[in-house]
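This report refers to the structure that appears directly beneath it.
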Amino acid sequence: MNPYILATLLFGLGLGTTITFASSHWLLAWMGLEINTLAILPLMARHHHPRAVEATTKYFLTQATAAATILFASTTNAWLTGQWDILQMAHPIPTNMVLLSLALKIGLAPMHSWLPEVLQGLDLTTGLILSTWQKLAPFALLLQIQPNTSILIFLGLTSTLVGGWGGLNQTQLRKILAYSSIAHLGWMLLILQFAPSLTLLALLMYIIMTSSLFLIFKLNQATNINTLATSWAKSPMLASIAPLLLLSLGGLPPLSGFMPKWLILQELTKQDLPLAATFAALTALLSLYFYLRLSYTMALTLSPNSPTGTTPWRLPHLQTTMPMTIFTTLSLFMLPLTPATIVLLTF
């Protein structure tokens with residue numbers, strides 16, 4: 001792709017998200033979401049492959065449906081209450097419509113079926129943008145609305161269950177990452193109405209950990225579980241660090257991924273929701289199983305056709321490794337900073 005066109009599209013991505021962040025009017029927020037969607041579509045379809053075109057078409061139809069529902073809900077809210085302000089969502093009908101359309105936009109269960117298929121049709125770089133940056137604008141709206149409804153608990157628990165269950169039988173890494181994304185988004189939604197700062201913390205940690213995992217897979221040029229077995233021959237150090245990163249995504253102490261899960265379970269217990277906390281903790285075990293599968297394949301398995309003297313695997317790569325290094329370090333060692341993080345998020 002022409003670098004000028006690429007720069008324009010990335011600028012459009014940033015502009016759309018920034019407009020949604022800065023807006024207090026529903027039409028302006030809707031316009032930011034639309035700019036965001038239109039900017040990523042050419043990035044998704046830049047590889048002229050049937051899978052990429054199919055993924056782009058599915059993504060466009062899903063996002064257009066969600067955006068139309070948001071526009072309809074905001075118009076209904078203005079008709080019922082006379083307010084276009086995002087913070088003035090007083091009526092339950094438009095509030096629930098907006099909530100469900102934003103859930104469709106980010107891929108929460110049970111509106112999740114488009115996400116694994118779309119992510120599977122993309123390359124790892126565009127998949128990284130879709131899994132991280134594209135979640136920011138809808139979450140900004142969710143944090144502003146702060147709907148106080150049991151639908152949030154239902155969506156959160158369903159997403160944690162589907163995200164864990166759906167990834168069990170997968171062999172494609174991008175689909176596994178899609179189900180991992182669904183499960184993490186479920187944790188964020190569970191706590192949204194009780195402690196929005198914890199939602200923000202969980203989103204930040206999810207972006208850091210997912211970014212480092214995508215960058216590691218991109219460096220190893222791995223797209224399915226079998227290709228992970230050759231990681232040891234390509235980069236031994238990375239193959240020993242990546243299992244720790246996967247366990248951090250699973251939420252095991254003393255790694256960074258334990259921090260949001262621990263705080264969310266604590267807050268749910270304080271809110272007299274012990275059943276929801278127990279169910280979420282049990283569904284996290286499902287996710288942990290496929291993270292352990294990836295860890296086992298990457299660190300404890302050698303590919304049957306990987307002789308140690310194969311020279312092409314030893315050639316130096318030309319990719320920038322600094323972002324991957326920063327994200328991986330943050331993904332592993334942020335747990336001791338939990339008190340400071342809580343104080344920062346409170347303010």
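Glycine is treated like the rest: Cβ placed from N, Cα and C.
Within the listed segments 9-27, 237-255, TrEMBL records transmembrane segment for the stretch 237-255. The average pLDDT computed for the domain 'NADH dehydrogenase subunit 2 C-terminal' (288-341) is 76.
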